[in-house]
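Asks: The compositional bias 'Basic residues' feature in TrEMBL is assigned to 182-191. TrEMBL lists 151-307 with the feature domain 'ISXO2-like transposase'. What TrEMBL lists as region 'Disordered' is 173-193.
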Amino acid sequence: MFTTAVDKLLSQFFALSAEERSCILEVLVDSQPINNSDGVESFLSKRLDVSRSGRPACPHCSSLKVVKNGRHCGTQRFICRDCSKSFGWSSGSFFNHCKKEISQWFKYVQCFMDRLPLRECARRCGISLDTSFKWRHRLLDGLQKIHNSVKLTGVVEADEVYFSISYKGSRKFSAQPAGREPKKRGMRSTKRGLSDEKVCVPTAVNLEGKSTGVVCNLGKPTTANLKTALGCKILPGSTLVTDSLGGYPLLAESCKAKHVQIPSKKHKKGIFNIQLINYYHSALKAMTNIRFRGVATKYLNNYIVYNNFVTFAKESFMEKIKILKNEIFTIGVEERSFSVNISKRDPLPLLKDQYLL
Ligand SMILES: [Zn+2]
């Protein structure tokens, strides 16, 4: 039985193209269980930019004048000759202050890609629920860094989507405005329509699978809101397709993009429609409201990036795993920027309106 299954898998493997096979082999090599305590160290030493001496650059001042400085708890320490600060392989890296095995992180990446609930991720990776939550946001914070540089070209569809304000998980009642009663999931807003009880997320997507979206303002967006959220994301020469909301013509003008505005109660204009952005919104809502049963507004930007990367981006599953391992795992972080301050984030992360100043 076992042999038949292996034979079947091998025949499928050899039916793939050379490029696909090398991609699978790379993932398999990375997924091998690493049992020694130096897992993170050996992973980073192979991937980080190291000077010719095989030592990492100083995470405090980027100097390459670095010498070995003994071992601590089995890991190599270094000292910088310029700033005299001591550090290890994981200092200032994605794995800063992380004491778990790299093999647990590899498992976690699989769970993350499968959009598993936090408890299931924790069970499969042998970590606590609290760590599972912190790891999810550590990965999403890393993705957020990459996402900040996304620019959209070609045919770009833009529209805004609204989420009810949520203080989920906020035990301190001070996070909520005075006079606001706690709400249970699924309860209706007290005000009808687009009110200041809803956060507006202007979003834009293009046909190449690139997408962007950010929590911007409360209620209906002004032109200034749209420019702040999307202005720097749409490149000149693009074709911006939107619905009939008033702010979009000025947004298109400021981006030097051609504007196609679909009249209200119509679904298309010529060959243009906004079906892709509508699909994007329904996938985002399905992820946040159904799969994760509502997310706190303070983490909404991270879940938008989660949806952009896992659901919407056109790269294959394997390519996405490679991005996480090769780009996110090797990303540099500012001291204590991840996880430590995760619960102290702004409960309403609205954008500062640079165009209103
Ligand atoms: Zn230094």
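Every residue, even glycine, has its Cβ placed from backbone N, Cα and C.
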Asks: Against which stretches of its own chain does the compositional bias 'Basic residues' (182-191) lie, if we need a Cβ under 8 Å and a gap of at least six residues from its ends?
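Replies: Tertiary neighbours of the compositional bias 'Basic residues' (182-191) are 164, 166-168, 173, 176, 197-198, 293-294.
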Asks: Do you know the DSSP helix, strand and coil residue counts for the compositional bias 'Basic residues' (182-191)?
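Replies: The composition, in the requested order, is 0 helix, 0 strand, 10 coil.
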